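Q: Pasting a structure below so you can have a look.
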């Protein structure tokens, strides 16, 4: 097995944490294209050079550390949420650096490193890997704006003369991304590793139910067309109808609700809300969409509502490569016998985009309390090292 | 019967509509203490003088038209919602003016007129009549601010030297207020008049359910503490538990909902919402409150939520005076035989406050489509005149 150095790995991980340190626990604030993000990437480029790899910034600020010849690509992202944790993305980048460095020191096999830019979506969703994989054009991305009105074109110009061309993806044999789970499953079961079988697909629908705004004192219950009551009835009916369709891995969420006029003394005349659902099976996502639309139509009729739909987001599930996955499974069993599982990724990752270009796979380590996107995000350092060793063992096995 | 003049009444009603005319249908924008409101009150003071009554502005801008000696008081308010109708309040004021004028012309019985200030609650709830009736002190009201930061003290100073002292309520034998229904009952049944039996009481509670904010992709359904799901379950359970307690006149409303963080991809960690309920029976209001609190406690336990309560508003029901009410009923039967009903007022009115000072009663005329607090608010002019004649007949009968 490649002689990775856990102490050096943890030292680099803590060194990266100092860029944008929030001063609250181990939390960081290092959004894509911020001063802290660019400084962190400059530091990372130095560490890449010191490891014997060639640093390469692409046109959107994604930083590669290239091994010579054809190589396995490993990495994740080093930008963070505005109130983010120290491991979300950073873990996968620094683990990749340590594995690639150890491989250089051992004389192979060749491993390259990447830290994609703006995975956290200041300008969209997994923007850096999305442009690289051709899920969106550079011109299209340039027209995106962050919530403060900065354009993607202006943001990526901050990388100035660092930028070179896009890296040719055919130089890589595959992509392996380690990431914190960002959910409670491994922490709850006490398992140490999760080998991802698929990144779930997402459907995200915006719905409007329009009834009749009315005085909450003078309008009898039987004459009301109350949009909140219709929303609540839809929510209840949906759970009943999903019961025979979903698996324990399926999730659905009504996370956004806006009533109008949203006043205690007025019967709500309108409810806008989101319905989002995720599953590893594209057919199940479709069946759920049919149930949602049918249920909404019935509720709208029963409650005398007009029914409207906003734009719908749809991303299909992404299966992990069978060969990479079985190498990860064998390494997981060696490092944590009987204490790992195969599981879906409920969150999107850069691997979703990279799957368009090459075989991909992912490895999870536990998140304490399932907490992520929060300064409190953390993982036991022993678990981080178990993940590092699993990657090293996988690379050794893949040759 | 007093010889009221329907044409003169309608002419004055349309004249008042020109102050703050919105230019949208018959709608008006004449909030309390606005230039349009003060100009309308100056016009009304002139009409009061011309009718042989003595105009009197009190310290908060409520305008009385005083008959000599002990008199019956009639009126309502001439301020409007920011986007209001031409009849809400104005109808009761101008009908009172016409009845008082006709009584002056006929040599009695003496009738006084009032237009209370800020019934629509720019600074609170029925502010002008509330201060007069002692439901709040003038000093307390002076500290209130409108949404733009203007204080009540600054607002009422706009009436300048017009203002005299508060009118002694003992000079009045009772108070009769005509108002549009602001609901759909009379319009739906085709009835012409509603004699109010009670102004319903209100309870208004603000509730917070706090669960756990989480990632909508990585958090399995069975580990979620979703505040929207808890709210929806509470809403469903409440309707079932109210079924054996409420009457067809009882209403309840969840009109305000604020989820946190209110994003499609995040399991809502917190829901703040209002629960408001109204009924003519104070005991029933109490029973409903017990059911609400018990149901919330059960739902909070079942969904692992923390339960919090904000300040609660409570106004008890106000019964109408039996003598005044039977005089209105007799007059209603004479003017619209078989086409009137006894009904509660689901909305608050100035009469709620005045009831602390003297016997009160109210008469409703239909609202087309039940619409109010909207430029589109309207009533057939024939129905307005039926209301006027009913008041004239009532005053005659009361002597």
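Along the chain as shown, the residues are counted starting at 1.
Placed from the backbone N, Cα and C atoms, the Cβ positions cover glycine too.
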Q: Looking at the Zn(2+) 1 binding annotation from TrEMBL, with A:88, A:179 already listed, which candidate in A:77, A:206 is the matching residue?
A: A:77
Q: Same Zn(2+) 2 site as A:88, A:373 according to TrEMBL: which of A:50, A:68, A:117, A:120?
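A: Among A:50, A:68, A:117, A:120, only A:120 appears alongside A:88, A:373 as Zn(2+) 2-binding in TrEMBL.
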Q: With an 8 Å cut-off on Cβ distance to the A:88, A:120, A:373 Cβ center, who else from the chain surrounds the Zn(2+) 2 site?
A: A:80, A:81, A:84, A:85, A:89, A:119, A:182, A:372
Q: Other than A:77, A:88, A:179, which residues of the same chain sit close to Zn(2+) 1? List them in sequence order, counting a residue when its Cβ is within 8 Å of the Cβ centroid of the site.
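A: Apart from A:77, A:88, A:179, the close residues are A:76, A:87, A:89, A:90, A:91, A:92, A:119, A:180, A:349, A:350.
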Q: If you count, for each of the binding-site residues A:77, A:179, A:373, the other Cβ atoms lying within 10 Å of its Cβ, which residue has the minimum?
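A: Relative to the other binding-site residues in A:77, A:179, A:373, A:373 has the fewest Cβ atoms within 10 Å.
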Q: Between residue A:88 (Zn(2+) 1 binding site) and residue A:120 (Zn(2+) 2 binding site), find the distance joining the two CA atoms and give it rounded to the nearest Å.
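A: That separation, Cα to Cα, works out to 9 Å.
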Q: Here are the binding-site residues: A:88, A:120. Which has the lowest count of other Cβ atoms within 10 Å?
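A: If we count Cβ atoms within 10 Å for the binding-site residues A:88, A:120, the smallest count is at A:120.
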Q: Write down the Cα-Cα distance for residue A:120 (Zn(2+) 2 binding site) and residue A:77 (Zn(2+) 1 binding site), rounded and given in Å.
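A: Between the alpha carbons of residue A:77 (Zn(2+) 1 binding site) and residue A:120 (Zn(2+) 2 binding site) there are 9 Å.
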Q: Per DSSP, what is the residue count of the domain 'Peptidase M20 dimerisation' (A:201-300) in each of helix, strand and coil?
A: 38 helix, 33 strand, 29 coil
Q: So which of these binding-site residues, A:77, A:88, A:120, A:179, A:373, get their C-beta under 8 angstroms from chain B?
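A: Cβ contacts with B, in sequence order: A:373.
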Q: Looking at the domain 'Peptidase M20 dimerisation' (A:201-300) alone, can you tell me the average pLDDT?
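A: Over the domain 'Peptidase M20 dimerisation' (A:201-300), the predicted model scores a mean pLDDT of 96.
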